[in-house]
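Notes follow once the structure below has been shown.
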Amino acid sequence: MPARTSWIPYALIAPSVVFLGALFLVPLVQTIWLSFSAGDGFSLENYQRMAGDLNFSLAVRNTFLLTLVVVPLQVVLALAMATMVTKLDKGRDLVLWVLTIPLGISDLAAGLAWLALLQNTGYLNSALYALGLIQGPVGWLSQETPWALFFAIVLAELWRATAIVLVILIAGLQLIPKEFSEAAEIFGAKPWTRFMRITLPLLKPSLQSALILRTVLAFEVFAVVYALGGRNFPVLAGEAYVWQNDNQNYGVAAAYAVLIMAISLAATAVYLRVLRTRPEQLP
Amino acid sequence: MADIVIDRVVKEFGTFRALQEVSLTVNDGEFVALLGPSGCGKTTLLRIIAGLETQTSGRIVIGGQDVSNLAPRKRGLAMVFQNYAVFPHMTVFENVAFGLRMQKAQQTEVKRKVERAAALLHIESYLDRYPAKLSGGQRQRVAVARALAVEPAVLLMDEPLSNLDALLRLEMRTELKAVLREAGTTTIYVTHDQTEAMGLADRIAVMYGGKIDQIGSPLEIYATPATRFVGGFIGSPPMNFIKVQCSQGTARIGDAALPCPATSKDIELGLRGEDASLSPDGSGIPFDIRVVEPMGSHLLLTGSIDGQSARIVAPPIAKVNAGQRVGLTVDPTRVTWIDSITGRAIA
């Protein structure tokens with residue numbers, strides 16, 4: 001009997017394999033090939049052009065700066081929110097539902113919503129003007145106010161994408177039996193000690209997933225930045241877009257894409273190593 | 001060391017009253033088992049003593065100090081959980097050391113106390129392992145060692161043996177008794193297993209429906225149950241209850257007559273299966289045998305007395321068959337009389 005049915009599992013996963021192969025693997029190989037080819041064969045010309053561009057080092061700096069500020073803030077915020085949500089007895093589902101609304105909004109729509117708040121004639125300026133705090137429209141998102149622009153992007157990203165970390169961490173917290181925390185409490189651990197010595201270590205697998213997901217997405221940040229700052233705040237994905245559409249240079253765009261992928265892979269490798277849970281330490 | 005006074009503790013969950021004015025005093029160094037079926041409130045009471053649950057009203061006093069509103073960590077107690085709650089991300093050593101670390105004990109003291117607790121529970125050889133590598137019985141030992149390492153005044157145990165297989169449970173039970181006797185810790189032990197309670201405890205509090213039905217030594221509870229519930233819950237087979245008519249101080253069943261307390265007309269004869277013996281000539285209380293089960297050490301006879309089902313224990317070599325009617329003789333001093341209406345024993 002097993003011999004006759006042995007092809008069934010393969011048949012069942014075949015559609016996914018075909019799907020991934022056609023729509024993921026092939027374009028990936030094509031992109032890598034594209035980035036390393038110029039004219040008539042293998043060449044590093046695209047990468048040289050990318051690295052030589054005025055905006056390149058700015059884009060690298062901005063992307064890393066955003067990621068290094070946004071991701072840790074999101075994890076801390078999500079941890080605090082998750083801890084509070086799991087402590088709720090009533091209305092927990094409603095609170096969770098409200099907190100995760102931003103997840104249902106596309107990046108660009110979120111960027112535009114924040115633009116409506118923060119642009120010269122936006123709600124923020126109107127409110128400040130009404131309160132008499134400013135005399136006229138103040139530009140928050142211009143090239144002259146890079147820190148205000150950076151802060152606005154960080155704010156919008158926090159609003160937009162903290163919920164995905166929250167959802168993963170809440171799922172992780174629910175997997176930890178409450179007896180561990182109770183036992184720690186009986187044996188003298190104060191709330192902060194319980195969090196640091198019990199909850200956080202047992203949450204490590206969920207933290208790892210959340211960090212990988214969020215960091216990879218943070219390195220790809222684009223729509224929110226583009227909506228709020230355009231090219232006033234260059235980021236890697238934005239540069240790839242500019243080279244692809246404005247400059248019609250697909251090779252350099254592909255080089256940017258490959259660079260983003262390499263950075264994401266490296267970050268993932270670091271998380272997998274640093275936050276690994278040895279099998280014998282699993283609950 | 002410390003005594004524990006539980007003073008009229010009430011616990012309500014919404015409109016449900018899980019504990020109704022429970023009072024209990026546990027003496028210094030005493031081992032008390034809270035015994036009852038699931039849902040009787042025994043675990044809730046233990047969690048209130050620990051401070052993991054807040055009582056609706058009433059007080060908990062440990063060693064003369066009212067701890068009713070104190071956090072668990074300030075109550076000076078240790079606890080063993082039903083599923084052990086041994087921290088999976090710490091080695092056995094760090095698990096046992098956890099309470100001492102929280103007390104900020106010196107490293108040399110931590111080492112000394114962990115090693116002593118480990119020796120007591122025979123887990124010295126796996127101190128550097130992680131709990132996932134241990135069997136259920138070994139994890140259980142780690143949980144007990146963690147509790148004893150802090151040398152607590154009070155030790156609370158919530159069904160600590162219920163996740164072990166039968167043979168291991170028997171072994172751990174014996175060992176636990178020896179270890180705790182040596183430590184001299186005041187212990188409250190929650191269980192639904194009567195043999196555990198009987199074997200371990202100095203006194204047993206039998207709980208039912210959020211109340212303590214009876215508190216007493218294992219022998220007292222067994223021989224003189226205070227209610228029909230206690231008689232039926234303790235003992236294997238459970239106590240038989242036979243409705244009889246008591247007139248002029250005598251209850252008649254077949255050609256047997258037993259002196260009965262004439263306080264109430266509707267009474268029940270509470271009779272333990274092992275307190276009846278087969279009469280050689282078939283006289284006494286008539287018992288119709290339906291099923292004979294040879295248990296090795298004894299025969300378990302199931303049948304009926306006066307049309308009411310009953311279980312009787314007979315010697316393993318007794319010559320009895322299913323379908324046979326035999327006579328039982330009963331020592332009148334070893335029976336319990338129960339008021340049919342209140343369910344309480346008639347003193």
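Glycine residues also receive a Cβ, built from the backbone N, Cα and C atoms like all the rest.
Same-chain neighbours of the transmembrane segment (A:12-36): 42-44, 46-47, 250-251, 254-255, 257-258, counting only residues six or more beyond its ends whose CB sits under 8 Å from a CB of the stretch. According to TrEMBL, the transmembrane segment annotation covers A:12-36 (among others).
What TrEMBL records for A:56-82 (among others) is transmembrane segment. Sequence-distant contacts of the transmembrane segment (A:56-82) (same chain, at least 6 residues past either end, Cβ-Cβ under 8 Å): 50, 99, 150, 153-154, 157-158, 161-163, 165-166, 169-170, 173, 207, 210-211, 214-215, 218-219, 221, 225, 233-239.
What TrEMBL records for A:60-271 is domain 'ABC transmembrane type-1'.
Packing against the transmembrane segment (A:94-117) from elsewhere in the chain are residues 81, 85, 88, 123-124, 141, 152, 155-156, 159-164, 166-167, 170, 222-228: each is 6 or more residues past its ends and has a CB under 8 Å from a CB in it. According to TrEMBL, the transmembrane segment annotation covers A:94-117 (among others).
TrEMBL lists A:147-171 (among others) with the feature transmembrane segment.
Residues annotated as transmembrane segment in TrEMBL: A:211-229 (among others).
If you look up TrEMBL, you'll see A:249-272 (among others) marked as transmembrane segment.
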**Message:** Same chain only, please: residues at least 6 beyond the ends of the transmembrane segment (A:249-272) with a C-beta under 8 Å from a C-beta of the stretch. Say none if there are none.
**Reply:** 31-32, 34-35, 37-38, 45-47, 49-50, 53, 208, 211-212, 215-216, 219-220, 236-237, 239-241, 243
